Amino acid sequence: MVKVNQNYLKLPGSYLFSEVARRIAAHSAAHPEAKIIKLSIGDVTRPLVPAVVEAMHKAVDEQGTYAGFHGYGPEQGYPFLREAIAQFDYQKRGVDIQPQEIFISDGAKSDCGNIGDIFDVDNVVAVCDPVYPVYVDTNAMAGRAGDFMPELGRWSRLVYMPCVESNGFMPEPPKEKVDIIYLCFPNNPTGSMATREQLKMWVDYANKNGSIILYDSAYEAFISDPDIPHTIFEIEGARTCAIEFRSFSKTAGFTGTRCAYTVVPMELERDGAKLNTMWNRRQTTKFNGVPYIVQRGAEAVYTPEGRRQIMESIAYYQNNAKVIREGLTAAGLECFGGVNAPYIWIKTPNGMPSWDFFDLVLAKANVATTPGVGFGPSGEGFARLTAFGDAEATKEAVERVKAIL
Ligand code: MLT
């Protein structure tokens, strides 16, 4: 008789965004006339920019010719894209990252989950609380999280770093020694952003303890403050302790097109093994690369035209963030984030539990949010709103929420 992976059986209920989608669908079925505005999952709404579309059309035409056809590509990604990323996302900022340290993939979510393959099951993992649920659930699936304790909403072997109002939603290094540390800045879900000094403290902690920082920078394009680092590799010492995840999803509207990348520096070693070599081994075995057409589209993001066009989209979403923040603040809600990030983290009125607030706003205003507690116990009493909606719909959603408060 086949035995299943018992770790999956320990996972509570459904993945957060599936549960949110289920409740929205149930509300919609019960009220077919309701015009629901979704400010829940962080999915973009603006189309791909013309420079990307043009590059992809050209690549489609190439694929229809003998001379231009591409079959399997390099699992790590085509050199043209790895070189563009190294140059524009790193070297132009004075950060020395080489193309062979960059691995193109189909998503930061997949990479954040898959990276666990190269680490032992006994490592102690630290996560922020609240946190993007993928880090927790994938470690649980691998057997690294211990057992779920429903009364606490926590896993027994994970170390939780509370990110709450009193510490500015900034994790503090744990007292105990931890091996793997997930950091995400600009932060999902709180919208907070780490300064250079704060990141330096983490890099020093990791180098001192032999830990690895898994740095998720999927929302990097939303950094508006000139003093904020765009990559952990701007911090001295990061090359010996960090892996960085980036994505074209939120930067260039690729949520449905799928392209991202992971940076594993050559110096990064543990147990005498190079992590770049191990990740390469993992990817070449389990992954066959991102489609040529998609990689050509991603490359176009780095052309002057593409750059200008995606910056317009980002400015549009940044304005949505401002509309949400200012509108809900005026309505008397306490709002955090939304400045260097596309997420606004709001305190529910009168300490209302997150799921009650979710249900109330959905039922009365036909607006979908994401309940803060879904990101971890310290998210209780909060809700997350995304700035990735249509501008008019976002304004209307804010007005509707104001009206019911
Ligand atoms: C979110 O809403 O947190 C994100 O869209 C989820 C994701 O990127 O996977």
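A Cβ is built for glycine as well, from the same backbone N, Cα and C atoms used for every other residue.
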Task = Kindly point out which candidate in Asn167, Asn280, Asn288, Asn319 is recorded by TrEMBL as part of the pyridoxal 5'-phosphate site with Tyr72, Ala108, Lys109, Tyr132, Asn188, Tyr219, Ser247, Phe248, Ser249, Arg258.
result = Asn288
Note = Cross-ref TrEMBL: substrate site Tyr15, Gly42, Lys109, Tyr132, Asn188, Asn288; candidate in list Arg384, Arg400 matching that site is Arg384
Task = Could you measure between Tyr15 (substrate binding site) and Tyr72 (pyridoxal 5'-phosphate binding site) for me? Cα positions, answer in whole angstrom.
result = 32
Task = Could you tally the C-beta atoms, other than its own, that fall within 10 angstroms of the C-beta of Arg384 (substrate binding site)?
result = 26
Request  = Quick one: give me the count of other CB atoms within 10 A of the CB of Tyr15 (substrate binding site).
outcome  = 13
Inquiry  = Filtering Gly42, Asn188, Lys250 (recorded positions) by proximity to ligand 1: which pass a Cβ cutoff of under 6 Å to any of its atoms?
reply    = Gly42, Asn188
